[in-house]
Structure formats: C-alpha cells, structure tokens
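Peer 1: Structure provided below as structure tokens; questions to follow.
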Amino acid sequence: MVQQKLTVFAHLVADFTGPLTKDMTAESFSDRLVPFTLTTWLFLLFLCLIFFAHETYAARVKPLLANEEKSSTVLFQSSLLFYWFYGYVNEAMLMPVTLDFAASMGQSATMSGFFISCSLVASILGVVMGKRVVNEEFWDQQLARALILWSNLLASLFMLLEAVVSNSAVHWSLPSKRAVFWVMILLSQVHAFGLALPHVPLMVMWGKLTPKSEMSFWMILTQCARQGGLLAGPAVFALVSVIVKQGQPVAPASLLAWVIFAQVVFGLSSILLNSMVIPPVLPDPDTPDAPEAPRSPGRGTCELSVDALELDQRREVVRGMVFYAFERYFVTASIEVSTIMLLEVSYGWSVELSGTIFTVVSLSSLAFSGLASAVISRQVLTESTVFLACNVVALAGVIFLFDFGTGAFGLLLADGLVYGCASVSNGIAEGWGSRAAKEGTDFSNEVYRTWNTSLACAARFLAPVVARTILDFGGRNLYAALQLAMVALSTSTVYKAVSMIWNLSREVHSFKNGKEASCRSTATDHTHHTHREAFEARCVEFRCGDDEERWSKDEQSACSTFAVYGLKRLGVFRKAKLYMFHRVRRLAKASILASRRVKPLIRIFRGIMVQQNLTAFSHSVDLRGPLTKDITAESFSERLVPFTLTTWLCLLFLYLIFFAHEMYAARVKPLWANEQKASSLMFQSSVLFYWFYWYVNEAMLLPVTLDFAVSMGQSATMSGFFISSSLIALILGLFMGKKLVPEASFDQRRARSLLVWSNLVATLFMLLEAAVCNSAVHWSMPAKGVVFWVMILISQAHGFVGALPYVPLMVMWGKFTPKSEMSFWMILTQCVRQSGLLVGPAIFALVSVLVKGGSPIAPPSLMAWVVLAQAVLGLASVLLNALVIPQQMPPLPDADADDAEEPEDVTLSNDPKTERSVEELELPQRQEVVQGMIFYAFERQLVTASIEVSTIMLLEVSYGWSVELSGIVFTVVSFTGLAFAGLSTWMISHQVCQESTVFFACNAIALVGVIFLFDFGTGAFGLLLADGLVYGCASVSNGIAEGWASRAAKEGSDFSIEVYRTWNMSLACAARFMAPMVARTVLDFGGRNLYAALQLVMVALSTSTVYKVVSMTWDLSHEVTQNGKESGKEV
C-alpha cells in the first residue's frame, strides 16, 4: 500500500534513531551557506567546451588518442582504470559527510545509509537497459562509444543539479529539508541510471579488446584503481572540506553540495579521457581467443586456466564468481560505511580525521595488490593459491572486528586485512569470470557482467542500510558476526572454483607422467570429443617442470620473439609523448576557436547564476495577474483520496500480462504480428492508438493543472510550464532515439524493443509521479513547492523515456506504409489525435466524478488519480504494440517512383480534378516542401496548444464554469476535428476537391475563424466557435502536411523521413512547450483580445507557409495541362 503509507513512512524513518546517534539533531549543526562562485561555473563550462570541441574533431578525423590498429593499448586500459577510479572516488567522497547531512535534514543514521546505497537500485535498471541498447551478439562499436560518453555527460548534469538543490536548502525549514532529502534521492536515482547504462557495453568492449592471458592482470589493476578511488576519496573530501570551511563551520548540506561538485569535475575528466581514447571502430584483436598456457610455478606443478575447463565447469565458475561478487561487495561496502560511523560516534573522531584515516585502510589494499601481482608474475604461487589464500586471510582478519578491547586499532586492523585481500581476490574473480565466459552461450561475457554488476549493486544497496542499522541498535559485536558469516560464505565459494582448477591440473600432471590411456578413456562422449583432442594437444604442448629441456627450437624462438616484443613495447612511450603533444596542441587551438564563438553564451550564463538565485526564483514565479489574483491555495479542499489495494493489483495484473506475452514472443512471435505483410490493419491500428494515448494524456491534464498549480503555491504561468515542461526532455529523447536505431542501418528487433520497453519504463515514472503527488496533500506550503518541482523533474524523466521510440516508430511506419496511402493514414492519425483531445477531458470528468464521490477533493489528489489513469492507458498502448509489432522485418511494399528521376509508366491527365503529387517535384522543390512542413508544424502546434490551455482557463475564470463542465465542453471543440476530417476524407477520395485545395481551404477557414477569438460581446459562444473552426481545420491540414512531407522525403538525403520526423517533432514539442506558458501569461496580464491577436498572427503565418507549398503542385499541374494541350494528346 505504497501511497497510503508514504507520508507515515517518511516520518517513521526520520525518527528511527538508535542509542548510538540519539543525540545528533538538526539543530546541532551550523547553517552557514557557501555559495558556488562564477569561477566554478566557468571552469565546468570550460571542460564541457573541450569535450564538444574534441567530439567535433573526432567526427571528422578520429579520437585524439585512439589507436584503431591495435586493440589492447595502454591508453585504452588506462581509461578503463580511471573509469573505475572515478566511480569509487565518488562513493568514498560521500561517506564522511552523509551521516551529518542526513541528521541536518532531519533523518536518522539508517537513512544516511539508504542515501548512500539508494542509487544502486537505478544502477541495476541501467545495467540491464544498457545491455539491451548495445547487444554483444550484434555489436556496434560506434553506438557503444556514444552511449559511454553521452550517458555519462547527462549523469554529470543531473549531479550538478543535485549539488544546486542541496546548497539551496540550507536555510529552509525542517519539513522542507526532509522533502529535499527525498528529492536528492530521486536525483541520485536518475544520475545513477545514466552512469550504469554504458557499464555492460564498456566491459564487453574490454573483453573483446583484451587478450585472455592479460585479463587477470588488468583486473587486479582494476581493483587497485577501485581501492585507489576509495583511498583518494576521503582525502579529496578532506581537501574540499578545508577549502570550503576556511576555518569556520559550514552547513552539512552546503558541504555535500561542494563534494558533489567535485564529483562532477571527476566525471567530466573521465568523459574527456574516454572520448580521446576509445576508438569508434573496433580494431582487430591482437591475439586469438585461445586458452592460456599453463604456468609452472615449481617443479612438477602445472596449472591450467579456467578456459581449459569443460563447458559445464566454466558455466559453474561464472555463476560462482557472480555470487562471489554479491558476498564480497556486501562485506566491503559494510566496512566502508561502518568504519566512518564507528570512528565518529564511538571514538569521537572528527569527520575530517575519520575520512583521512580511512585512507590507511584503502592503502593496505594497494600493498596487497602489488604483492599479489609480484607473486603471480614471478610464478612464486599460482593464481588459484593466491585466490584462496586471500580469502583465508580475510576470514582470519574479520575476527578483529569483534570488540576485544582493542578499540579503533583492532577495527582498522580488521578493515585493512579484509580490504586488502578483497582487492586481490575481486580482481582474480573478475578475471576468471571473464575468461570462463563463452560468447553465444548463457554464460557469455555480457550475461556475466550484467549479473555480476546487478548483484554487486544489490549488495552495495543493502550493505549501508543493514550495517548502520545493526551498528546503531546491535553494536559492534553483532556487526562483526554478520561480517564473519559473509566472509565464510565467500571463502567457500572460492574453494569450489579453485578446486576445479586443481583437479584439472592434477589430471594434466598425470597425463604427463604417462597416464595417457586413462585420460583418453574419459573422452567417450561424442559432444566433447573435439574439446578432448584439443585438451590432449595442449597437455603435450605445454610441458612443465622436468620436461622443460624437451622444448623444441620453434618454441624457444617464439619465447625469444615475445621477449623482444616486450622490449620494443617500452619504446612506445617516447612516440606517445610526441603524439600526445601534437594532438593536445591541436585540441587547444580548437578549444580557443570554440570559446570565441560562445562568448555570448558566457555572458548569458554569467547573468543567470543558477545556484545563487534558485531560492529567489522559486518565489518570483508566483506571478499572479488580475485574472487569477483571487485564487489562493487556501480556497481548495484538503481531502485526500488514497489509492486502494485494488488499483495496485490491477496494475500488477497488466504488467504480468505484458511479461508473459514477451516470454511467449521471445520463443515464437508476437501474438497478433503479421510477419508476411508490412502494412497490416493491426499495425496501423497500433500506431493510431499510440497517438491516441499521447494526446489523451495531454488533454486529461488540462482541466486540473490550474487548480493544482495554485494549490501548490504556484501561479497560472507555472501551471502552463507544468503542462509543457516535459517537452524539453522529449526533444532530447527524440535525438537519442534517432541515434539508437538509425534509418541507414535499421534494426527491426531493436526498434520494437525500444518502443515496448521505453514506454513501459515511462509508465513506472508516471506511477511514481502519482504516488508523490497524492502524498503531498497535507504537507506544508514550502514542501509543496518542492514537490511541484519534483513532479516536473519526474515528468522530464518519463517524457524523455517515452520519446525515445518516436523516430524509430515513424521510420518503421514509413517503411511499412505504401506512399500512396500515407496521406490517408495521416488524416486518420489526425482524427485519432483529435479523438484523444476529445476523450481526454471526458475521461478526466469521469475520473473526477468517481474519485470525488460528491465531495470536494484536494487538487493534488485529483491530479494523482489522473496520472494513474494515464499510466493505465500507457500500459494498454504498450500491450497493443507488443502484440502487433513484428520482431522481424516483413516484406516491404514495392518502391514507388521515389527513386527514379523520370518514371516511365506514369499517366498524367488533363482533368482539372487531377493534380500532381509532391514526389513528382524536382529534388530541390521536394526539399523545400519538407522544410516548409517542418516550420508549419511549429506554427500550427503553437496555435492548437494555445487553444487547449486557454479555453479551459477562460471558461473557468472569466465565465465561472466548473472544472468538469469546462472539460466536457472542450470535448465539443475536439469533436469538430473529427467532423472536418471525415468530410475532407470523403471529398478527396471522391475527387470532389484536390488535396492541395482542401489543404489551403482549411487554413483560410482557420484564418477567418480565429477572428471570433476577439471579445465582441459573444462571450463563451464566440470563443468555442473560433476554437471549433481552428481546431477542425487543424485536424485536416496537419494530416495532409505530414502525409505530403513523408511522400516528399527521400531516403539517404538530408531530407529523409528520419530527418523530417526528428525536426518536425522537435519543433512541434518546442511549440507545445512555449504555448501553455505564453498563452496563459498573455491571458492573465493582457486579456482575451491580446491573446486573439497573437493567434491571428500565427494562423496568418501558417497559411502563408501552406500557400508556398501548394503553389508548387499547382504550377506543376498547370505545366502538365499546357503540355497536353500543345501536344494534342495525353501524356
């Protein structure tokens, strides 16, 4: 019962304080704020400019430091090491300040642990989503590189937003701070999702570029980098703390903001390094994918690699290493958060000293890693021996966690032993898992990395909460007992894995001593016959111990060549220095040139000063005009209608149906998909319902947004912004979706997955939005103001995710639909859009009646139920698309005359009712048609979106209509669109009028109709008459416009369907973003006549755009008619 208990839960966890932290209160901390300076913002801007300048250079030439000839370079491996360093230094920087930050925000120690680990929930989702975006089987190196760079850049922007929010909340009230605490958690979820997206593609890339013989070595170095991050993190925190405090106490929220700012700097540095090093084309691997030669650490001892095991054993090794990741990460994450807490609370150490001394713990891991690397490389011990020994030492070291009177010394000794051994054992474990994985199986590198990261994230999510709660209520000994149990489990997992290697090594040793017959007798299974022959060949080839003198001359020569290669490799560094010098100099010149072009942006940025003016902006948006000045938050009811268990069960049932169908479709095919015919009725119906869903969503919000915004302490202008704000992220989603499934290399399976799963994730964000909104009914006004912005942020998230599949879907529609039918289906699309605007207010009225039950209700609660209804419609759209859209590309319709310069069998009639189609125009004219329809989309959407929000506002405020009546009457306005669309379709199909004539006539009628918007004393009747004429004509003209542009577009050119759809939707979204704010602000301050004048100007512009386009077809038709008269025959 999430929604009913959310408010109670927020207060419960805030007051869930144990005896160890009961004296820590919000009042015990300073409230000194240290704002961000202009220098800090300019520094971040400079890093971003370097990145953009380099990407511009890389798009034309290649990344600055990338080596496209060789796979495993030192620079590539170094960029991976810094990627891990960045991730772990981020986490370590947060640990010393989270306890104070949580207490200053009115939260408990348990919630401080949750604050650290909560982002790992979204990380798991990001890992799984990233696996689907860049699949190992159909590897796309350029897409993987783009995902690594841009997703991390977006994550850095969300982290910057988190820092701004944290620094702005210092002087807020305690209830508002508690709300901000949850806003911070939400933002951390978003940026963690972005950071996790490229993880699996990056590690699959690493597996493809790294020879298997080097994997364990680089994984141990990876552990060193991770521990180096944990080592440097507290030290960086201490440095930031000293610089920010300057000898005076500072508010924990402000200190956390500066820590996050430092994380952003590290993130941008990692992005820059990856962009310069990762190649856009996958180089050829340096070495074949063969099992590693056995090492001979001593006389008579031979140990093979894990990739020499049987397939079943390799699968078992991979699974063991996956579970080992959970066990070991749970232990290390618990140590990280518990050590800081014990040193601060139990032993009275300061925050800075606790963070610095934790560096010693991390430093031990580097020492252990260096020692283990030396031992393994010099063949003093085998990898398996070091692996097991590290876990045994950790098992002994964890005993010192118990409180035997050793105090802080025993605690740090135990942490050093466990942490040091974990660094080595984790590196070997990941190396073994990567080497045992086999591509194309259920234990491939992609599958291993996905599950390994997911369970590691789950462990790091659980560990801080569990460990700090046990420490707070159970003390140090109970915490030590938990750690002992987890280390024992991980040791047993390691023993199972290394025992397989030892058994195989003994078998090889026996074979070498002459037991060839017994070895061969085990290879009776036909399926493993080839593998056994290869195994015997390796046993003969890889001699150990006393057989070293039997090596052939070829083998000795090969070893000498390898040694010479190693010496030559050392000379690369001098060439690399010169290479880097020239590349960096070129990059500096490009950066200077780019900086000169962005000086106007710098001036604008300097005037904005986002962080310092955020609080002032929150109050300044309360701009009330004379039309809404008497509407206040106190004039609304505070009655809350909670979600019931039945509603959640119904949603769960829909999700289960979807997952069951996807499991069926993965084995057979989607239930209603037609894989033999492209343009089926079911496919077109699913696309129509997709449009219906989007427009009914928007129309359902319109009647309630004004009341909702005012009840949350906002103005009419902000109610318009609430409607349109998601369109910002929607434009970004359009361009990202275009990159994910490009038209040139269209992948039907990927396009279907993107369409289905992105919309499913969008419905989850909508459910979150509904739960947050319904929980804020009884909150204080400052907290409601925060919730209003949280709602906007969540709408950005589901707007971005929901827009991802738009361009791939419309490209799919363009491929499936014959060009002769495009205008027809586009007019029907406009009918469906208008139906959405028609049905939306009616659904809102129905939801309102059902929820209110005859009594007034709080607008946030009503908004929550409306968003819930939107989520239900979204699930219905997802289910229909999953059932109908095929996974394989069906046979496409025959190409029209699009690709021919002069079609041979085209009959042109002199009949005045016959006109030329836009695809018969010359290519420059077709390009002009496409561009004109793009601008027409902006003009027409600006008009229609303004009508949608302004009509409701005028009916409610100027004419005193109720919310329900306004919504129902607006249905009449939308209904005219269906009537006009039906009439125009009949006229065109029966050749009563030409398409171009109908197109122009609709715009001329709209130009006349908009005059009735002026206040001539006609009241509401004139307003609705004008809306009906403009809206009805817009339904027809928009359909013809999109059909004409789709037919005029040419694949492979700069006016293809992909380009047209991207820019058409982007400008339409920009118009729908601007219209609600502009229209409601103009109405509030200028009145109805100023609003009508604005609409008149926009309709006149759109009419002129249409005239320019239709005149081209009229000229072509006239030319054909003249040629027919001159030749005296039909052409």
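Glycine is treated like the rest: Cβ placed from N, Cα and C.
TrEMBL lists these features:
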type: COMPBIAS; residues: 895-905; note: compositional bias 'Acidic residues'
type: REGION; residues: 893-919; note: region 'Disordered'
type: TRANSMEM; residues: 33-52; note: transmembrane segment
type: TRANSMEM; residues: 73-89; note: transmembrane segment
type: TRANSMEM; residues: 181-207; note: transmembrane segment
type: TRANSMEM; residues: 228-244; note: transmembrane segment
type: TRANSMEM; residues: 355-376; note: transmembrane segment
type: TRANSMEM; residues: 388-413; note: transmembrane segment
type: TRANSMEM; residues: 640-658; note: transmembrane segment
type: TRANSMEM; residues: 716-735; note: transmembrane segment
type: TRANSMEM; residues: 756-780; note: transmembrane segment
type: TRANSMEM; residues: 824-850; note: transmembrane segment
type: TRANSMEM; residues: 967-988; note: transmembrane segment
type: TRANSMEM; residues: 1000-1026; note: transmembrane segment
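I'd like these features described in context: how deep, what's nearby, how far apart.
Peer 2: Outside the transmembrane segment (181-207) by six or more residues, the chain places 10, 80, 83, 87, 102, 105-107, 111, 114-115, 118-127, 129-131, 133-134, 136, 139, 141, 144, 147-148, 151-152, 154-156, 158-159, 161-162, 165-166, 215, 278, 282, 434, 437, 445-446, 449-450, 453, 457, 786, 789-790, 793-794, 797 with a CB less than 8 A from a CB of the stretch.
With a cut-off of 8 Å between Cβ atoms, the residues of this chain six or more beyond the transmembrane segment (388-413) that come close are 331, 339, 342-343, 347, 349, 357, 360-361, 368, 372, 381, 421-422, 424-425, 428, 475-477, 479-481, 483-484, 487-488, 490-491, 494-495, 498.
Residues of the same chain lying 6 or more positions beyond the ends of the transmembrane segment (640-658) and with a Cβ under 8 Å from any Cβ of it are 1-4, 760, 767, 770-771, 774, 777-778, 851-852, 857-858, 861-862, 864-865, 868, 871-872, 875-876, 878-879, 882.
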Peer 1: In the same chain, which residue numbers or ranges, 6 or more beyond the ends of the transmembrane segment (73-89), come under 8 angstroms Cβ to Cβ?
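Peer 2: Residues 65, 67, 195, 202, 206, 209-210, 218, 221-222, 224-230, 232-233, 236, 263, 266-267, 269-270, 273-274, 277-278, 572, 576.
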